[in-house]
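For reference, TrEMBL has these:
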SIGNAL    1-20  signal peptide
DOMAIN    23-152  domain 'CAND6/7 N-terminal'
DOMAIN    169-409  domain 'GOST seven transmembrane'
TRANSMEM  171-191  transmembrane segment
TRANSMEM  203-219  transmembrane segment
TRANSMEM  239-262  transmembrane segment
TRANSMEM  274-293  transmembrane segment
TRANSMEM  305-326  transmembrane segment
TRANSMEM  354-376  transmembrane segment
TRANSMEM  382-403  transmembrane segment
Amino acid sequence: MTKLPILLLLLLCLSSFTAGEIKKLKIRSDNRPMILFERFGFTHTGQTSISVSSVSVISTVTSPDASRLGFFLLSEESLIQVLIELQQNPNFCVLESNYIQRLFTFRDLSPPPNSSFDRAYPVTSPNEYSLFFANCAPESKVSMDVRTELYNLDGRVKDYLSAGLTQLPTLYFLFFLAYFVFLGVWVFVCLKNKKSVHRIHGLMALLVIMKALNLLFAAEDKHYVKVTGTAHGWDVLFYIFQSIRVVLLFTVIVLIGTGWSFLKPFLQEREKKVLMIVIPLQVLANVASVVIGETGPFIKDWVTWNQVFLIVDIICCCAIIFPIVWSIRSLRETSKTDGKAARNLAKLTLFRQFYIVVIGYLYFTRIVVFALRTISAYKYQWVAYSAEEIVSLAFYMVMFYMFRPVEKNEYFVLDDEEEEAAALALRDEEFEL
């Protein structure tokens, strides 16, 4: 019985989610010993409001003790102590722990048939807390309607974003402006070099538009959650444009890696297969992202959806590397036979640099950002989001600069005098991956 609570608390240690919206959910015949609702960073003006109604408990053994079912808050600092208590005593009920902030138990409910409870609790000690429901009654199933409202007071105004995320609306809007300016520069470069513009450059412009709109709707989504506790439909637009942006990003990286439109007008069969794998998987990853973002750990399959998202994202990140590797190998083979060593050296150098840039971008946004969100103090969670957006913008700028439409670019600036030196360089093993 204690294994599930321990696993849930360990998951809490490793996860970095933070919620803050007003949530309404229905729990039906749930026998989980612990249910994690959400995590929130409170200031000294924090408030927790919980309303439960239509409560019923069904037990197959004996009449359950109402004091062994209830809600509580758990801080990060107390997490280890609670884990130790659960491991030392198999029959220990977390509601009896001295390390939690107990809110109420089912003993406080109004008498049947209403069986409801509604109350707000001030958070006296600023910290990041997780809101749990504990069911220590053996062989019992709980049904209830729950409404949670976690917020901090700024004067008399409620702020429904966690203490470390309240800066996100401004942050996202500033990056939207940055991408809007970046789009203007890219359009100017394309118009200035019309003769060198290829179809891939149009897709790259579309990618910037999708990224800018994604940030704009993210800013609106977080703003309305911050002010009202609900997204008012902006989350729908956010998820739509996020899905389009992610699919388009992976597609652009694959197409650039193959050299499509600026090196060759077609895709090979194996390159088409990569796209056929990456695009559907990214659609699946986006579905998982929506489920994770719009629900929470209180649903039974939340951990499964996180695992699906992680596995699919890893597969896609690995898949988009193959076309770049194939292009590098192809250029090495071609350089041995076509007698254009200098030009092939420029292409090879460019693709090798692109390979390193893509690897660096994937490593930072998947591993470093996760580490930042995990280790950062709850008041500074926005730093991880800032780092992710800064690195993403830098990646876009480097990628677009490397493959910009310039009449005399890396492919054409070399003269015949450099052929011999280039041929020697191509024999160098530094270009091996």
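Just so you know, glycine gets a Cβ as well, placed from its N, Cα and C.
Only residues 6 or more beyond the boundaries of the transmembrane segment (382-403), in the same chain, are considered here, and those with a CB under 8 A from a CB of the stretch are 164-168, 171-172, 175, 178-179, 182, 186, 200-201, 204, 207-208, 211, 215, 253, 256, 262, 350, 353-354, 357, 360-361, 364-365, 368-369, 372-373, 376. Per-residue confidence over the domain 'CAND6/7 N-terminal' (23-152) averages out at a pLDDT of 90. The helix, strand and coil residue counts that DSSP assigns across the domain 'CAND6/7 N-terminal' (23-152) are 22 helix, 71 strand, 37 coil.
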